[in-house]
Amino acid sequence: MTYTKYSASGNDFIIFHTFVEQDFSNKAIELCNRTEGIGADGLVALVPSNEADFKWLFYNSDGSVASMCGNATRAVAHYAYTNGLAQEKMKFLTKAGIIESSVENNIVETQMTEPKVIKEAFEEEGRTWYLIDTGVPHLVTIVDDLEKYDHDLSAKMRYKYNANVNFVKTEDKKLFVRTYERGVEGETKACGTGMVACFLRCLDLNLVDEKTLVYPKSMEELTISKINKKIYFKGAIKKIFTTSIG
Ligand SMILES: N[C@H](CCC[C@H](N)C(=O)O)C(=O)O
């Protein structure tokens, strides 16, 4: 099987396409392993669909299934276009519904799913949290210094709320985000749905504008825009390599 590794602002994925839909959880664990596998935060299998250009099966590196992954939508769209599976504007089926992405050279934009607030601001562990679903659940807390990102606190909150955990700082109406990702069980270099969750929380508080530059741990620049109540997530994508295994 041929696999292609992508980096989406440092959030990295192994992508392949196949005709046969099956459970790829164990393959995700095997191939995402950073010492004995290719190494990545997630694995995505593209399979045929009669509802969209294709359907995706998304797995975190621990083999768990997630309904959505903002950064992977950008990598998958580039993969699908360059492999002739879709045109530059495409629709694909995820467990969070149909996702629309568009490819222009190495820049990919995704229309994110409609966000759903799960729990308005609440105090816990000496912080103010906000819980929102942006395709997957995210906790958001605003800090004045990203060195306040706390791995152990993130793990505790992750398990209590079964959600990803984001620390966000605003500066000159830009966002700087650090994310503890469920299913990777640690901080990743970027998390798309997490950045969108932080954007929405900070927009509510008038800390950013409806079009905002966002910088994850990797410091690769992304843009999040709210236009007519829809959320667009845009940034560069890197194809790292293609390899055949087995
Ligand atoms: N780890 C997430 C899924 C991947 C989200 C992230 N990589 C993104 O770019 O949105 C979860 O299990 O909820």
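Even glycines carry a Cβ here, placed using N, Cα and C.
The feature active site, proton donor is assigned by TrEMBL to Cys69. Among the features that TrEMBL reports, active site is placed at Cys69. The active site, proton acceptor annotation in TrEMBL covers Cys191. Among the features that TrEMBL reports, substrate binding site is placed at Asn11, Asn60, Gly70, Asn71, Asn164, Glu181, Arg182, Gly192, Thr193.
Everything TrEMBL records as a feature, shown here on the structure.
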residue : record                 : Cβ contacts under 8 Å, 6 or more apart
Asn11   : substrate binding site : Asp41, Gly42, Cys69, Asn71, Ala72, Thr188, Lys189, Ala190, Cys191, Gly192, Pro216
Gly70   : substrate binding site : Thr110, Met112, Thr134, Gly135, Cys191, Gly192, Thr193, Gly194, Met195, Val196, Phe233
Asn164  : substrate binding site : Val136, Pro137, His138, Leu139, Arg158, Thr179, Tyr180, Glu181, Arg182, Cys191, Thr193, Gly194, Ala197
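Taken over all pairs of the listed substrate-binding residues (Asn11, Asn60, Gly70, Asn71, Asn164, Glu181, Arg182, Gly192, Thr193), the Cα spread reaches a maximum of 14 Å, rounded to the nearest whole number. Taking the mean position of the Cβ atoms of Asn11, Asn60, Gly70, Asn71, Asn164, Glu181, Arg182, Gly192, Thr193 as the substrate site, the remaining residues of that chain whose Cβ falls within 8 Å of it are Asp41, Gly42, Ala66, Cys69, Ala72, Val136, Thr179, Val184, Thr188, Ala190, Cys191, Gly194.
Neighbour counts of Cβ atoms within 10 Å were compared for the recorded positions Cys69, Arg182, Cys191, Thr193, and the top value is held by Cys191.
Under the DSSP three-state reduction, Arg182 (substrate binding site) is assigned to coil, being neither helix nor strand.
Cys69 (active site, proton donor) carries neither a helix nor a strand DSSP state and counts as coil.
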